[in-house]
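See below for the structure under consideration.
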Amino acid sequence: MTENRYELNKNLAQMLKGGVIMDVQNPEQARIAEAAGAAAVMALERIPADIRAAGGVSRMSDPKMIKEIQEAVSIPVMAKVRIGHFVEAQILEAIEIDYIDESEVLSPADDRFHVDKKEFQVPFVCGAKDLGEALRRIAEGASMIRTKGEPGTGDIVQAVRHMRMMNQEIRRIQNLREDELYVAAKDLQVPVELVQYVHEHGKLPVVNFAAGGVATPADAALMMQLGAEGVFVGSGIFKSGDPVKRASAIVKAVTNFRNPQILAQISEDLGEAMVGINENEIQILMAERGK
C-alpha cells in the first residue's frame with residue numbers, strides 16, 4: 001500500500017465518524033440496521049454473545065453469507081478476520097469488502113504477530129485497550145481503532161476502562177517535553193513520528209471508536225462523551241427484545257449524545273435489553289488477545 005492509499009483509507013474511516021456500526025448475521029438484519037441509520041454493518045455468522053456461549057474456535061465468516069449482505073445494503077460492509085490470519089484478509093479483499101476488522105472476537109491465528117495491513121488496499125479496523133496497542137496497530141497500517149471492551153457481555157465497564165486509559169495516556173504524552181518523546185516511543189514500541197503526532201494533536205492519528213458491551217442508548221452516549229468518535233454495537237441490538245426500535249435509538253443517541261432530554265425520550269419503551277454478564281462472573285477471554 002502506498003502512502004497516498006493509506007491516507008485515503010484513513011479518510012474513508014473518517015467518513016464513519018459520528019456513526020454506529022452494527023453486527024448483522026443476515027441480509028434482513030442488515031436492512032434493519034441500514035433503515036435505522038447505521039453508518040456501516042459488520043457481517044458475521046455468530047455475534048460475540050453466541051461465540052462466547054458456544055466456545056471452540058471461531059473463524060472468518062462464510063464469504064457467500066458476506067456477499068449476500070453486501071448485495072442487500074448500500075452502506076459499507078465490514079467483516080472480521082482472526083488476528084494474524086493474512087489469508088482470511090486476502091479472501092475478504094478479493095470479495096471487495098469495504099473494511100476488514102482484525103478482531104480479538106475471533107480465535108487468534110497467530111499469538112505473536114498481527115496482519116501486515118500495509119500489504120492490503122482495503123482499510124483495516126483494530127481493537128486496542130491502551131495507547132501502546134493503538135499506536136502499534138496504526139504502525140502496522142490500521143486505518144481505524146476501537147476499544148476492545150469484552151464483547152458479548154452487554155457490560156460497558158471494560159470499554160469505559162479502555163477509553164479512559166487511552167485518554168489518560170494521551171494527556172501524559174502531551175505533557176512531555178519534545179526531547180522526552182523518543183523514550184516514550186521506545187517504551188510504547190512504536191515509531192517516534194506517531195508519538196509526536198499524539199503530542200501535537202492530543203488524539204490518535206486515526207479515528208477512534210468504542211466497542212464492547214454497548215447495549216443501550218445511554219451506553220452509546222456515555223462512550224461518545226468519553227471521547228469516542230463513533231460506536232460499534234455487537235450483541236446489544238439483535239439480542240434485545242425490540243431490535244428495530246433499539247437500533248434506531250442507539251443511532252439517535254450517538255447523534256445527540258450531549259442532549260439528556262433526547263436521550264431520556266429515546267430510552268423509553270425499548271423492550272428488554274440483552275441479558276448482560278457481569279465481568280466478575282466470567283473469565284476475560286477476548287479483550288486480552290492481540291497486544
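Just so it is clear, glycine is given a Cβ too, placed from its N, Cα and C backbone atoms.
These come from Swiss-Prot:
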BINDING   D23, G152, G213, G234, S235  D-ribose 5-phosphate binding site
ACT_SITE  K80  active site, schiff-base intermediate with D-ribose 5-phosphate
BINDING   R164  D-glyceraldehyde 3-phosphate binding site
According to DSSP, does K80 (active site, schiff-base intermediate with D-ribose 5-phosphate) sit in a helix, a strand, or coil? strand
Highest Cβ count within 10 Å among the recorded positions K80, R164: which residue is it? K80
If I take the Cα of the residue listed as 'D-glyceraldehyde 3-phosphate binding site' as reference, which of the recorded positions D23, K80, G152, G213, G234 has the closest Cα? G213
For G152 (D-ribose 5-phosphate binding site), just count the other CB atoms lying within 10 A of its CB, please. 27
Measuring Cα to Cα across D23, G152, G213, G234, S235, which the record gives as the D-ribose 5-phosphate binders, how far apart are the two most distant ones in Å? 13
Would you mind reading off the Cα separation of G152 (D-ribose 5-phosphate binding site) from the residue listed as 'active site, schiff-base intermediate with D-ribose 5-phosphate', to the nearest angstrom? 15
When DSSP is mapped onto helix/strand/coil, what comes out for R164 (D-glyceraldehyde 3-phosphate binding site)? helix
Translate the DSSP assignment of S235 (D-ribose 5-phosphate binding site) into the three-state scheme. helix
